[in-house]
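S.K.: Starting off with a structure, shown below.
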Amino acid sequence: MDSKSGRNHEDGESATTIEEKIVKTNGEVAMRRYSKGRFLGKGGFARVYEFSNLETRKVTAAKIVPKESLQKSRAKQKLMSEIKIHRALHHPNIVGFEHFFEDNENVYILLELCSNQTMNELLRRRKRLTELEVQCYILQCISAMRYLQSHKVIHRDLKLGNLFLSDKMEIKIGDFGLAAKLEYDGEKKKTICGTPNYIAPEVLDGKTGHSYEVDIWSLGVITYTLLVGKPPFETSDVKTTYRRIKMNAYSFPDHVPLSESSKSLITRILVNDPAKRPTLDEIVAHEFFHQGYTVPKLLPASTLACPPSVSYLRQFMPNAQQTSSATQRFSDTTPSALNPKASLRTPRNELMNTERTAKIKEETGKVLGARTSASSSYIPTQNGPEVWVKKWVDYSSKYGLGYLLSNGATGVFFNDSTKIILDPNGHRFNYMERRGPDKQDIIVQHTLTEYPKDLQKKITLLQHFRSYLDGDVKQDTGLEEEKENPTPIYIKKWMRTRHAIMFRLSNKIVQVNFQDHTEIILSSETRMVTYVNKKGERTTYALATALESTNQEMTKRLKYTKDILTHMLNGPNKGPLDEELA
Ligand SMILES: Nc1ncnc2c1ncn2[C@@H]1O[C@H](COP(=O)(O)OP(=O)(O)OP(=O)(O)O)[C@@H](O)[C@H]1O
């Protein structure tokens, strides 16, 4: 095999066509062309790009190693060994090896594309993971490690940066640059290799040689790092880290709530004598993985940015008894994961108090208004509206309006006028898009575990809004059967004025929340008005009675509501009460 690259741009970083020359068995020569796309990352010598096969359109990750870097025979040897070992491996939790070729300048290794980066980036975003997530990821690693052992392969560099995540959120072990294939069972390797934080003590010792147990050690370090947020032996210099590894000097920090079973598993694995470490089968049998609930095979993509919601966690638990205790622990171990970009999440109970809101505004400079609706603590009267907007956050400077309805559903009205409404139990959602000549909302239902790829960004945003707004609702929703809801209630329209924000719901309810915390909720169908006064007291009237009421505070706001509605329907037209309410 041979190839040549036909560059469109000289810098070699922009759009380029790479040609692979294929010599067939009958001597005929054919060309396979790839378009070199997005830069994915770089390692020691390699740069990795997205490659799409121009004929089949298949997209892969291409590791490009310049031949210049392979001049030393050791480097060449290492690359050949990586290719030889990796190409023979086929397992759902190992990065797929497609094939490799070379041209005059580079060696190209085409690998299965892992579009969700590595566990390194995941942990950077999330700070640390919940126990359920760690169980799910570690079990996938073990599945791949069992396969590696059955093929006599020691990876020798298992670390977060070599645990890739596919678009389906599967773990894929990659980078076989330091891997070794044993010739016979019981063979010991002597070469010192590995990454400082994850390196096993017997590798540092270098006397006795090492085997599969080094990967088990790294798995212990990975488990600790995912749960605690940093590696157990980490220090500012490599020598001290090595000293700590040799002395087995690590501890569990007090500020991170960890279950006894997780600590017990880590302690069992991180023992300096490799012969005393558990086997993969013993690890799987450890109580950490047997807590009376089912560990999910895969996690939703939303967990790339936010911890799984309590209602999501509940799906994996067989009965309410176990649910409450296990969910509690998951929540306790859940960090307040702030997405560095959106920074919407706040601790429970503090949600949207003035100080906190001010801080968020300061942090993001984006949130224009956020407060708890005065009605949030009120139970509707018999005649009151069935559903109203309980909390909202205006992030339309960037993405849209997020809101929580009184029935526990979370929704987003995106700036592109598409809408999402997520069921209270956090599983099913409806996506609304205005299509067709009459611009009607077309509603399509999906689940958070299965939805079209192009909705991923919107789902991540929905999760952010949900974590921010849904501080305490999830615990109240119970474990009721999920029902398909053919007519979801969601915000169809909204607007802001100087004094108020107005929502129009799909069930024709109009709600106006005023700056002074009063609210009008108007149901055109039942012709009822609910008024929430400055003290938060709520009263429901028939519309005719309300219009004739002597309660000036209410009638003024009712009139203002009418004006806003007129404004919305007829375009800008400053309401007469605008000045009065200022
Ligand atoms: N299959 C893949 N899918 C998506 N991105 C990838 C893939 N393989 C590698 N990358 C990206 O390229 C970066 C470098 O890849 P890799 O770690 O394999 O290179 P390396 O030279 O072997 O690195 P190291 O110096 O860690 O041994 C990764 O951190 C990742 O960001």
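In case you wondered, yes, glycine gets a Cβ from its N, Cα and C as well.
Taken from TrEMBL, the feature domain 'Protein kinase' applies to 34-289. Here TrEMBL flags Lys63 as ATP binding site. Marked as compositional bias 'Polar residues' by TrEMBL: 323-337. Look at TrEMBL and you will find 323-343 tagged as region 'Disordered'. Look at TrEMBL and you will find 388-471, 490-570 tagged as domain 'POLO box'.
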S.K.: Quick one: average pLDDT across the domain 'Protein kinase' (34-289), no decimals.
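M.R.: On average, pLDDT over the domain 'Protein kinase' (34-289) sits at 93.
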S.K.: Across all the protein chains here, work out how many other Cβ atoms are within 10 Å of the Cβ of the residue listed as 'ATP binding site'.
M.R.: 28
S.K.: Tell me the residue counts in helix, strand and coil for the domain 'POLO box' (388-471), as DSSP assigns them.
M.R.: 17 helix, 39 strand, 28 coil
